[in-house]
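Engineer: One structure coming up, written as structure tokens, with questions to follow.
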Amino acid sequence: MDPKNGSSFTGFILLGFSDRPQLEQVLFVVLLIFYLLTLLGNTSIIALSRLDPHLQTPMYFFLSNLSFLDLCYTTSTVPQLLVDLRGTDKSISFAGCVAQLFVSLWLGSTECILLGVMAFDRYAAVCRPLHYTVIMHPRLCALMASASWFIGFVNSSLHTVLTFLVPLCGRNKIDHFFCEIPPLLKLACVDTTVYESELFSVSVMILLIPVALITFSYGQIVRVVLAIKSASGQRKAFGTCGSHLTVVSLFYGTAIYAYLQPSNNYSQDQGKFISLFYTIVTPMVNPVIYTLRNKDVTGAMRKVLAGNKGARQHHLPRPSPSQNPKGNQFLPGNLLAPHKHPTLCFFGTIPPASLTLSRCRRAPPVADHRRRSKLSLPLPPTCTLPIHPS
């Protein structure tokens, strides 16, 4: 832009909720709590997916990406909003506005694609269970996640460039709480029909193509689940996909309302609250939905919260000299004393020349059923390994 078209000013003013001073005080407290819960919940999902081996699956790999997206997406808008709600200076620099628009569009577009990828993952898990590990290979999962980030980056770049090519003629008061496309186009001093048509076409591809993939995936899932004769099997299958479908409905419902409605029907007040919903409320409830409706996550969380107590309960000391007269060295935690855990048999670091496998027998039932259920381990054969002196 040249100075005539508004490049002489150095920034924008985010009006936000300045016309409602009492609402600003309430929003500050509520949004601060929501933001802290968002940070806590999504960070917990990422940490649990890394710490618990049972959660290192394609589903939780994509869920970790979604949690990271929500963390960054919320952080790109909410801190600026909290500062504006408490202070009188509501300005943002031109470069800051461009960066905020670019980052929020990048992360939002990536989430659109990623939710479609997660629907495909659920389709493979329910409809192709025997081929699931072959279909959702770790390399393919990484490729699909990377493609989601790349498509989001390209879409954000295109939207940002097209938006700031529109002449503003010195107008710099944005009737919104962050830099977003619809309120920025309201500042234009020229006809924006062509720009809006281009942006609408790109938005349709980013929003509706993943929605079509999700609809197809869940259509196939419902067909397969209804064919299951077991009621418990149906509940398990629907429970696996219910949390993801809830997240999809919350995110796409608000995003489609914000970006795919005609500009002449766009209400600034409604737009603010809708944007507030998908920038802070949806990222906050995502971890809650996945945690409360997922036994794997709740189980992993209980293990982590147990902490040192659980570690002490499962710690097994090395055999004493009386129990190990040959003086063999064992790997810590890899050899369980037979009288302590008769269902398990592990191998230590005994020289191969001194080992002779004499017999393997089925382990007797464990007397303490509570210990066996707590460990949740199968009953492999117990191998007796006598040590022959060399």
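Cβ atoms are placed via backbone N, Cα and C, with glycine included.
Where the annotation comes from TrEMBL, it is an automatic prediction and has not been curated.
Pulled these from TrEMBL:
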type	residues	note
COMPBIAS	378-390	compositional bias 'Pro residues'
DOMAIN	41-290	domain 'G-protein coupled receptors family 1 profile'
REGION	308-333	region 'Disordered'
REGION	364-390	region 'Disordered'
TRANSMEM	26-48	transmembrane segment
TRANSMEM	60-78	transmembrane segment
TRANSMEM	98-120	transmembrane segment
TRANSMEM	140-158	transmembrane segment
TRANSMEM	200-226	transmembrane segment
TRANSMEM	238-260	transmembrane segment
TRANSMEM	272-292	transmembrane segment
Engineer: Six or more residues beyond either end and a Cβ under 8 Å away: which residues meet both conditions relative to the transmembrane segment (238-260)?
Structural biologist: 66, 108, 111-112, 115, 118-119, 122, 125-126, 181-182, 200, 203-204, 207, 211, 214, 218, 221, 225, 271, 274-275, 277-278, 281-282, 285-286, 289-290, 293-294
Engineer: By a Cβ-Cβ criterion of under 8 Å, what residues six or more beyond either terminus of the transmembrane segment (98-120) are in contact with it?
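Structural biologist: Residues 59, 62-63, 65-66, 69-70, 72-73, 76-77, 80, 92, 144-145, 147-149, 151-153, 155-157, 159-160, 163-164, 178-181, 184, 206-207, 209-211, 213-214, 217-218, 244, 247-248, 251-252, 255, 278-279 contact the transmembrane segment (98-120) from elsewhere in the chain.
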Engineer: For the transmembrane segment (140-158), give me same-chain residues lying six or more residues beyond its boundaries with a C-beta closer than 8 angstroms to one of its C-beta atoms, as numbers and ranges.
Structural biologist: 58, 61-62, 65, 102-103, 105-114, 117, 120-121, 202, 206
Engineer: Could you please provide the mean pLDDT value for the domain 'G-protein coupled receptors family 1 profile' (41-290)?
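Structural biologist: Residues in the domain 'G-protein coupled receptors family 1 profile' (41-290) carry a mean pLDDT of 85 in this prediction.
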